[in-house]
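For reference, the structure is listed below as structure tokens.
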Amino acid sequence: MAGRPGYSEVIFLYVVSVAVIARATDNMPVNKDVSKLFPLTLIHINDLHARFEETNMKSNVCTQKDQCIAGIARVYQKIKDLLKEYESKNPIYLNAGDNFQGTLWYNLLRWNVTADFIKKLKPAAMTLGNHEFDHTPKGLAPYLAELNKEGIPTIVANLVMNNDPDLKSSKIPKSIKLTVGKRKIGIIGVLYDKTHEIAQTGKVTLSNAVEAVRREAAALKKDNIDIIVVLSHCSYEEDKKIAAEAGDDIDVIVGAHSHSFLYSPDSKQPHDPKDKVEGPYPTLVESKNKRKIPIVQAKSFGKYVGRLTLYFDEEGEVKNWEGYPVFIDHKVQQDPQILKDLVPWRAKVEAIGSTVVGETMIELDRDSCRDQECTLGVLYADGFADQYTNDTFRPFAIIQAGNFRNPIKVGKITNGDIIEAAPFGSTADLIRLKGADIWDVAEHSFALDDEGRTNCLQVSGLRIVIDISKPVRSRVKKIEVMDYTNPKSDKLKPLDKEAEYYIVVPSYLADGKDGFSAMKRATARRTGPLDSDVFKNYVEKIKKVDNLKLGRVIVCKGSKCT
């Protein structure tokens, strides 16, 4: 950490669900000599999310006003440099998943462009992220096949195929075995075990992550593997749980999913000071048999490349370590060949994405969507409702905040903006749902998920009052609705829990994903057009966005709620 072997100011001791602060030097050798120990260097990235082009510091599109950082050409160059620099310390490059989704590059070019650049970086092992399922197993299968042809293994110990037809020929082992410097190393892949609830996994489900890691690690130990790495796409908090409850045989966890920036308290290494530090790099967690398991993660979007060097004794126990997340700032050179390789892909993206479809006079915000009503969500919901509106019928619209990925700035709105705003490829489905179920959906939107986030509904045709001072599942104070049989009236009346209402929702939501199980109680459902087409058509119809009626979702406390 911060380049000093064995240093860490703080560890998180995770036992059951209690975090205890302790000195990281506990049980560390007084003698810092590592000459008799076996070094293993882990170079790792996670949650790239299609950031092939350079980005600004916020990991959005880099403009002429910005100082550009990251980008696949810089990431490639830095990984190549680190592999060479630590050649004598047995370097292994790992990719912890979620390479799909996040920019127009993926939305237009899908697995093809992703596989092309992953092949060039060629990790020793990869695991899957939840976003690799964004276009169902059918959209994942050719990606896996392409990587497999290049000898790049994708490993997931807790993947349950359930005879999914699209993945039946895909090779996804639980782990791989490597011989590095005459030492036998096992790498176990694991994916967040609720992925089938938040992604379009088809028949595929995920078994308990802790149990899967424990079981596979024990099997590797029986096969005389003495160093075991867990390559996890489960989140920082879940990785702590894995270390505490399944850490008897594992040695280190390389993580992903939560986009966590880990950075040691006294490190002098370059970084973006605006990046919130969630814990030290590495974070140490004590297992049930009192072993300390290091956990690392390298934030997201190619902004950092992690580098951790571990030192093992003859028994395969970690005795020392050093490393830090390497900041991929503007000073990092871009690999010239990768820059050339980007050119033909960029031409395809620009040809489709640059078409202007409208204009906005206000910023269409995405960052606040999870906690409250947001301008992007309101406009999107209005577009959904408009899709099915006629002279005598105007349905409501409900969209979950997690549907949105990128804001739209003031100015021209391009086809690229439309797709990047909500890039998941849902359809705009018309459903019929009972009032009581709508109430349940609203309650769930302000119940925290596993990452401690709300999922505020973005709505059209409704007014919802949320009192966040109340207990979870008792926060909805009031829901009022417009008369969907009279499109010209803006009058609101109380929701009737016994009545049925017509609502337009993303197909993802209609399927009950993100925990919105009440949606599956719909008594009728009509599959609609692609959501991005609906949004595009609505923007083209209104031409200019300059006035949105807000106040549809009121988030308040106690006496301030009306």
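Note that Cβ sites are derived from N, Cα and C of the backbone, with glycine treated the same way.
According to Swiss-Prot, the feature signal peptide maps to 1-24. Marked as divalent metal cation 1 binding site by Swiss-Prot: ASP47, HIS49, ASP98. The divalent metal cation 2 binding site annotation in Swiss-Prot covers ASP98, ASN130, HIS233, HIS257. What Swiss-Prot records for ASN112, ASN390 is N-linked glycosylation site. The site 'Transition state stabilizer' feature in Swiss-Prot is assigned to HIS131, ASP134. The AMP binding site feature in Swiss-Prot is assigned to ARG370, ARG405, PHE424, ASP514.
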Inset, instruction - Would you mind reading off the Cα separation of ARG405 (AMP binding site) from ASP98 (divalent metal cation 1 binding site), to the nearest angstrom? - result: 14
Legend entry - Shell list (divalent metal cation 2; ref centroid = CB of ASP98, ASN130, HIS233, HIS257; cutoff 8 A): ASN46, ASP47, ALA96, GLY97, LEU128, GLY129, HIS131, GLU132, LEU191, TYR192, THR195, CYS234, SER235, ALA256
Inset, instruction - Name the one residue among ASP47, ASN112, HIS257 whose Cα is closest in three-dimensional space to that of ASN390 (N-linked glycosylation site); these are the recorded positions. - result: ASN112
Inset, instruction - Please name the residue among the recorded positions ASP47, ASP98, ASP134, ASP514 whose C-beta has the most neighbouring C-beta atoms within 10 angstroms. - result: ASP47
Legend entry - From ASN112, PHE424, ASP514: recorded positions whose CA lies within 10 A of ASP98 (divalent metal cation 1 binding site): none
Legend entry - Additional residues around AMP, ordered along the sequence, whose Cβ is within 8 Å of the centroid of ARG370, ARG405, PHE424, ASP514: GLN400, ALA401, GLY402, ASN403, PHE404, ALA422, ASN455
Legend entry - Fewest-neighbour residue among binding-site residues, criterion Cβ within 10 Å, set HIS257, ARG370: ARG370
Inset, instruction - Have a look at the recorded positions ASN112, ASN130, ASP134, HIS233, HIS257 and say which one has the shortest Cα distance to PHE424 (AMP binding site). - result: ASP134
